[in-house]
Amino acid sequence: MYYIATFYSHFGAIRFKKEASDGIMAPCLMPVPRRLSSSCGTCVRFEGPADFTFTQDDSGEVEQIVRETDTGYMCIYTTQE
Amino acid sequence: MNFASEKRAIIIAGLGIGMLAALLVLAGNPANMGFCIACFIRDTVGGLGLHRAGAVQYIRPEIIGLLLGSFILSLIRHEHAAKGGSSPLTRFVLGFFVMIGCLMFLGCPFRMILRLAGGDWNALFGLAGFAAGIGIGVIFLRRGYSLKRTYALTKLEGAVMPAIQIVLLVLLLAAPAFIFFTKAGGGPGAQHAAVFVSLGAGLLVGALAQYTRLCMVGGIRDFILFHETKLLMGFAAIFVAALLVNVAAGNFHPGFAGQPVAHTDGLWNFLGMWLAGLGCVLLGGCPLRQLIMAGEGNTDSVITVLGLACGAAFAHNFALAASGAGPSDNGKVGVMVGIIVVLIIAAVNTFRSQKA
């Protein structure tokens, strides 16, 4: 399964890629897809298991993580305001 | 929308925007200035009497339209979200100096493209400086530059800037005695399309830019960062469409000397846009993009637009802005101070992020 993580800053994306935790495979930086957001920042697309979960963001930089589906995206994590 | 359709949409939008910009000149806007975010914010600030340069005083409906076009489409698409709190004062200062850089070059990145499409080769120095400034900004981005995250705000916060645009439109139409208008023949401020033509063009371009996320800085930044050409295609499409209309209308005059609202000092054209390019990367978007994000409810972009407006007022109150005769001594000092301040902001916010 493919996932996309969006961030509050470009640095957040770089850090996420560099410090990729268990279950995150082949992370790559790319512009945030338009369908996902009207913001034009940097996201990380990565491969992960079907049951991939993300519950704690120690960096405070992750905005949301979505799973790619046939019809679009399914949100699996969003930051608490 | 996948990447291929995103690219197609941005090319179509760019062609439409470039054509509209060139047509606005035929409708009365200054030459090679169908749109210029820096110049039009400067004119609006002058219309409000915040600077007294009589040649550039007119509340530009294009700015009102751009912001409202983005606001309306973002509401329709459920993308309007009030947010802010990401180093607002730093953004104000960056916006201020981006304007100082733009008024040294005599145009924002959008007008830089339109100047090239009109045959003004002085803008090539601006383009080189702009790309070089973005390149330096990308180095800071890669090393950890961040102005920290935004936070959700109340809906009212996101509605204030659109409401201000309505007030500006009322002031333009009512034309009370305290609003300034450049006298006919008195300069670029007197050259404008009819109010509702300008407003309509602004609304359309604002909506297109919101839909496609068109950004002059983002194009070069994403190409350097990811070798991604999508936003750059929008850039190129604007140039091609404006060039075709200019050639067809007899508004293409290639050369360096005698270009409208431009000077021939290559070094300061380069440095002005170098400052603008670096400042815009640190802000996360060009002046057009800041207006669009302000319409979407981003108050950090509103603060940036206020910084741009304040920079414009200072530039004309203290003779920092260049003119057709060339850059002023005050302007050269302003750009050098701006380069130092913006580099300090970049370094401090990079170092801080690395330590966190």
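Numbering starts at 1 and runs along the chain as displayed.
Keep in mind that glycine also has a Cβ here, set from the backbone N, Cα and C atoms.
The feature transmembrane segment is assigned by TrEMBL to B:9-27, B:88-112, B:124-141, B:162-181, B:193-211, B:231-250, B:270-289, B:301-321, B:333-351.
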Name the range, of those listed as B:9-27, B:193-211, B:270-289, B:301-321, that has the largest tally of Cβ pairs under 8 Å with the transmembrane segment (B:124-141).
B:270-289
Positions whose Cβ lies under 8 angstroms from the transmembrane segment (B:193-211), at least six residues beyond its ends:
9, 13, 16-17, 20-21, 23-24, 27-29, 34-35, 60-74, 77, 79, 169, 172-173, 288-289, 291-292, 295-296
Top Cβ-contact partner of the transmembrane segment (B:9-27) among B:162-181, B:231-250, B:270-289, B:301-321, B:333-351 (pairs under 8 Å):
B:231-250
Thinking of Cβ pairs under 8 Å, which stretch from B:231-250, B:301-321, B:333-351 has the most of them with the transmembrane segment (B:270-289)?
B:333-351
Give residue numbers and ranges for long-range contacts of the transmembrane segment (B:162-181): same chain, 6 or more residues beyond its ends, CB-CB under 8 A.
44, 46-49, 54, 57-59, 61, 63-64, 67-68, 71, 189-190, 195, 199, 295
Residue list, the transmembrane segment (B:231-250) vs rest of chain: Cβ under 8 Å, 6 or more residues beyond ends.
7, 10-19, 21-23, 25-26, 34, 110, 113-114, 116-119, 212-216, 218-220, 222-223
